[in-house]
Amino acid sequence: MSLAGGRAPRKTAGNRLSGLLEAEEEDEFYQTTYGGFTEESGDDEYQGDQSDTEDEVDSDFDIDEGDEPSSDGEAEEPRRKRRVVTKAYKEPLKSLRPRKVSTPAGSSQKAREEKALLPLELQDDGSDSRKSMRQSTAEHTRQTFLRVQERQGQSRRRKGPHCERPLTQEELLREAKITEELNLRSLETYERLEADKKKQVHKKRKCPGPIITYHSVTVPLVGEPGPKEENVDIEGLDPAPSASALTPHAGTGPVNPPARCSRTFITFSDDATFEEWFPQGRPPKVPVREVCPVTHRPALYRDPVTDIPYATARAFKIIREAYKKYITAHGLPPTASALGPGPPPPEPLPGSGPRALRQKIVIK
């Protein structure tokens, strides 16, 4: 439940409403437009024979669709007189012009003088404004405005006219001397600061730790040297042209600049950094170059029976003949005799490769 509905009504409620309604002036727009809306006596032009309360229905609505005449030649019946329609009513607009109030000449002159003394916020143009300002507040504001005006007038009288006296030659010289001293002090301070800056030598900052430098340049292109040409003196041929004849004469044609190529260099500050980025693995074992015992040449093959390297077919035949003589003189090994004729089986040797399992025979 709202507070307005539950509280008791005021005793003075609605006292000013009647005064506002009486003070409301009529707008001239509705008195002149469309001939005015005021009621005039003897205006019977828009009064009909029948009352406006009765609802009149057109004759066309009384006829049913089935009862319409089939021919159009019949005379149309006169329609009944319709009700007169008047213009719609609009809400009157409030007038913006101030209401003229008849006041005596003496009181209006006095009010105009008091109005000129007040500030713009408190000036009343005589219209019926709806400002709700208490009389005591308006009086205090007026007194404050008068005090401010009086204080401003006293300050103007105290200051008087403002005029500057031209300085004499002695006063100008004294001011110039003071300015010169200030300039000398400023110059000395500036020179001292410049000297301090020169003393502080800018040292190149060195970066601690390893450094990798990347440098890319262009260099002239150097081709690979070709086969050296030998001068051969053959009778009946023309002599070789001289060097002066081979060189082109100046101005005979455009000289092409030498070709250039780019080269990039990466420099490491120490070896540890280089090894960190480019680690070197263990060097591969270089295989031992075996020599043929017959021809003393690099061996290309190996005998599967005697495990002796050889280079040529003749060396292979010599190795086999020596092997047969060895078997004839010393006989086969125990394992070979048990297995019968044929190539001897390999001897098992612990910790040896597949080549070490073969039977080795040294030929002297």
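Heads up, the Cβ atoms here are built off N, Cα and C, so glycines get one too.
Swiss-Prot lists region 'Disordered' at one of the ranges 207-232, 233-258, namely 233-258. Averaged across the DNA-binding region (156-206), pLDDT for the predicted model comes to 85.
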